[in-house]
Amino acid sequence: MDKLKIEASEALAGNVVISGAKNAALPILMAGVLAETDFVVSNVPNLRDVKTSCELLRCLGAEVSRGDNSEVRISTTSLDHFCAPYDLVKTMRASILILGPLLARFGTADVSLPGGCAIGARPVNLHLHGLEQMGAKIEVEEGYIKARVDGRLKGAHIFMDMISVGATENLLMAATLADGETIIENAAREPEVIDLANCLIAMGAKIEGAGTDSIRIQGVESLKGCHYRVMPDRIETGSFLIAAAVTRGKIRCVDADPSTLEAVLAKLEDAGASITTGSDWIELDMQGKRPKAVNIKTVPYPGFPTDMQAQFCLLNVLAEGTSTITETIFENRFMHVPELIRMGANMELEGNTCIIQGIERLNGAQVMATDLRASASLVIAGLVADGTTIVDRIYHLDRGYEHIEDKFKGLGGHVERTQ
């Protein structure tokens with residue numbers, strides 16, 4: 001099993017190219033099921049979850065090809081299976097996003113209950129309840145969601161009990177081929193939802209309000225394929241900016257989108273970073289200074305993202321002052337804290353809040369990645385830890401970061417993949 005070996009590094013410096021957003025690419029790939037003609041998606045990152053998504057589409061009978069670049073081609077003319085099996089779904093929670101497209105286009109779907117990062121319940125009931133309101137008959141048997149609809153789904157006025165990106169995306173895709181109008185209230189506003197909506201519109205869907213808490217969809221008879229480019233990964237961008245901040249460096253993230261990171265950039269400025277942006281780049285310069293502690297509370301977009309919580313925990317561990325970080329989105333999302341404490345961090349958990357007293361340096365140690373974003377924080381911690389840090393179980397990292405060791409090396413970081 002691969003590991004990352006990290007040595008203490010100097011201030012990071014240089015340019016890093018940001019990959020396409022995994023959390024946008026996965027639903028967009030699933031949306032290919034809705035298209036009756038060939039569908040081409042570019043700027044798709046080469047990640048384990050993307051490979052699993054492509055394999056899932058092939059399992060359903062779709063033709064999926066990927067060249068040497070970041071482009072994926074999908075043809076569903078031969079799609080003739082409607083079951084997403086456990087062996088594929090167990091490793092990736094986003095597999096549930098195949099449910100809406102299959103049901104909307106073919107009227108039937110069997111999808112194994114999903115896996116993915118172990119950071120809380122993240123129940124699928126919001127997905128199922130919304131589809132039932134659209135006329136689907138759903139049963140859960142032997143670990144499988146079995147969904148059927150006679151004819152086409154029907155438009156519905158859906159009020160979601162809580163904000164859910166995945167449920168918003170699933171219902172949005174399903175509604176594009178439903179009879180009549182669907183309105184999704186309390187919808188997620190994340191940029192990845194907007195990216196999916198823009199892709200669906202390019203395929204012929206009629207959607208208004210993506211990016212607000214009320215999305216209106218007029219169902220159409222059919223959707224066609226298109227050529228669509230996935231948005232930049234805002235969480236990868238934020239992770240590299242944190243790495244530059246804690247190493248007191250200066251980097252530029254290119255092929256990035258600053259408009260999707262306003263809450264993160266504001267907190268980095270509060271921490272003492274000098275931030276400069278262009279239309280597709282972000283530059284951070286710490287001017288050799290130690291970051292200042294910042295208080296964080298995770299909330300749905302456009303507030304501070306839960307996917308940046310672990311990275312800001314690390315920033316505060318090394319910052320000047322005392323801080324609190326409160327997690328309101330997922331339970332069990334402080335599993336990186338015991339590992340950082342093993343490296344010398346001064347932090348304490350009280351319920352869903354972490355209290356952190358900043359220190360100057362960490363000590364290298366052998367640590368274990370527990371989920372995708374926690375693993376990123378541990379790798380960055382290794383850059384500012386005296387001695388050697390070994391991060392085990394980096395298959396979590398490979399689910400969300402493309403060529404991370406090469407990108408860090410390009411900035412001057414001492415990161416090496418080993419067995």
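Numbering starts at 1 and runs along the chain as displayed.
The backbone N, Cα and C atoms fix where each Cβ goes, and this holds for glycine too.
Record check, Swiss-Prot: UDP-N-acetyl-alpha-D-glucosamine site residues include Arg93, Ile329, and the candidate from Asp68, Asp280, Asp285, Asp307 also listed there is Asp307.
Here the Cα atom of Arg93 (UDP-N-acetyl-alpha-D-glucosamine binding site) is found 13 Å from that of Lys22 (phosphoenolpyruvate binding site). Working note on the binding-site residues Lys22, Arg93: by count of other C-beta atoms within 10 Å of each C-beta, Lys22 ranks first.
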